[in-house]
Amino acid sequence: MKGAEAIIKALEAEGVKIIFGYPGGAMLPFYDALYDSDLVHILTRHEQAAAHAADGFARASGEAGVCVSTSGPGATNLVTGIATAYADSSPVIALTGQVPTKLIGNDAFQEIDALGLFMPITKHNFQIKKPEEIPETFRAAFEIATTGRPGPVHIDLPKDVQDGEIDIEKYPIPAKVDLPGYKPKTVGHPLQIKKAAKLIAESERPVILAGGGVIISGASEELLRLAEFVKIPVCTTLMGKGCFPEDHPLALGMVGMHGTKAANYAVTECDVLIAIGCRFSDRVTGDIRYFAPEAKIIHIDIDPAEIGKNVRADIPIVGDAKNVLRDLLAALIALEIKDKETWLERIYELKKLSIPMMDFDDKPIKPQRFVKDLMEVLNEIDSKLKNTIITTDVGQNQMWMAHFFKTKMPRSFLASGGLGTMGFGFPAAIGAKVAKPYANVISITGDGGFLMNSQELATISEYDIPVVICIFDNRTLGMVYQWQNLYYGQRQSEVHLGESPDFVKLAESYGVKADRIISPDEIKEKLKEAILSNEPYLLDIVIDPAEALPMVPPGGRLTNIVQPIRVEPKIKKPQFDEIKKIRDMAAVKEF
């Protein structure tokens, strides 16, 4: 058997059925073996989109997503997508072609140091030097990617290794693999759990801060039981959105720079903060000196490197969130729980102050109104939102959705949180739809982010993948525009995108149905049509470019929420004639 065939067998042994990729010279043996395989390969139109799609697949399913590229520029094009997965602990297997082993280091055509390139942005990476290494390497890669704190793993595949022969009976795919030094701790220390339970039971103003680790661990049910048993309000990070139903009376919404008033004030006023599967990023804490200043902090995380990294923990617990929460609840049941009613009254008061105004009839459309109508349409189609997945891009579109859209289920709100990658949302939606074909998958994106991977319209058209793309079209890089208006004297530098393209015509040119929404009274009807069509569909929503969310200034206190300044766009664009004049003047000086 050839090495390339062994790679296919190894993928099949891991339960992989669908991969995303783009072929090239250094991966030709693999693609030749793929021809006779039952694996489904989705040909994206850019390697970055293959990585994002594999990431979206992983986030929606909880399984490892697989992306493939050739060597050199194919590998470099994967980098942004793999770095995105790494920042958000998403299990992606990235396969890259490589020049033959005897040419490595000779600057051969399309050679690049793939190991060095991927090392800082992967949980682990391998370069296979002999065909007989394939079975064990692939088993190890999937084990590492999907256990402990998940993350991407890269495998570099020299062309001669793919072409080489392997005796699969002599070198079978192992059921288990020995990984010296890799022993993720999944069960929390009993003494630490006992201490945490006592602190929670005696607390007067507890708050839970739930991060993406709750979703990764599958601990949403345990979180709900804990919150309801002790009556603890729950706020989430962006990555934790969906781990706790946001229509629950104890739900506070997202905390941080773009968080809700209820969440930010509750964290600031609490006396015990139970942080689960979160890394206390700067966007969550603001000024650390004033973050939960009166609270004892319990920090639960499977990665010991996160404990104490950004915020000091009074009771650190290293372990899998599901296991720790189960044991914590068992310990609490045996204790007398102090009454929390006074605190809950304060929480409900904060929640009343946080109710947003969303029912705007303005034109251009306010994003809040679109999100409100989207929620109503989706709840009508899927009342518990069990079969709905939202992906967002990065920028204002992400924050409007995080702030206003009430998520009810884990793995139903997919966003690039750590790296903040524009261009993530649309290809991630492709991966999510492939992973969950019966879910309604809606890609919410800004016009800037959409244009970074708009070529994937060809992919959804070619494979008939019924994703609904909703573009928040304000012809502006909205988040940068908002910051420039707030912090840079309204000097709007390079944030206006101009009038092209016509997104409806662009989609139609790829064979994708499309429509434009310019009035609030069109939103529901056109959304329903798009979602129920079960076809690839693009909606171009013309929104108010000057609309912005309140926010906490960078490095500010969570309670220092600044109202945005409404500033109309001041478009300043040099035309090509001006550019030519500048170049002509430079040429005269050189002469």
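Backbone N, Cα and C atoms are what each Cβ position is placed from, and that goes for glycine too.
Just so it is clear, the model here is predicted, and its values are computed rather than measured.
Feature annotations, reproduced from Swiss-Prot:
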BINDING   GLU47  thiamine diphosphate binding site
BINDING   ARG149, 258-279, 301-320  FAD binding site
BINDING   ASP447, ASN474  Mg(2+) binding site
REGION    396-476  region 'Thiamine pyrophosphate binding'
Top Cα neighbour of ASP320 (FAD binding site) in the set of binding-site residues GLU47, ASP447, ASN474: GLU47
Winner by Cβ contact number (other Cβ atoms within 10 Å) across the binding-site residues ASP314, ASP320: ASP320
Surrounding CB atoms that lie within 10 Å of the CB of ARG149 (FAD binding site), all protein chains: 19
GLY308 (FAD binding site) to ASP447 (Mg(2+) binding site) - Cα separation in whole Å: 39
Rounded Cα separation (Å) that holds between ASP447 (Mg(2+) binding site) and ALA263 (FAD binding site): 30
Segment-level pLDDT (mean, integer) for the region 'Thiamine pyrophosphate binding' (396-476): 97
GLU47, ASP447 as binding-site residues, winner by CB count within 10 A: GLU47
Euclidean distance between Cα atoms of ILE302 (FAD binding site) and GLU47 (thiamine diphosphate binding site), Å: 31
Separation of alpha carbons, ASN474 (Mg(2+) binding site) and ILE302 (FAD binding site) (Å): 41
Counts by DSSP class (helix H/G/I, strand E/B, coil) across the region 'Thiamine pyrophosphate binding' (396-476): 35 helix, 16 strand, 30 coil
Whole-number Å value for how far ASN474 (Mg(2+) binding site) lies from ALA275 (FAD binding site) (Cα to Cα): 37
Other CB atoms within 10 A, centred on ALA263 (FAD binding site): 27
Candidates ARG149, ALA263, GLU269 (binding-site residues) - the one closest to ASN474 (Mg(2+) binding site) by CA: ALA263
Nonlocal neighbours by CB distance (under 8 Å) for GLU269 (FAD binding site), same chain, sequence gap 6 or more: ARG205, GLU294, ARG346
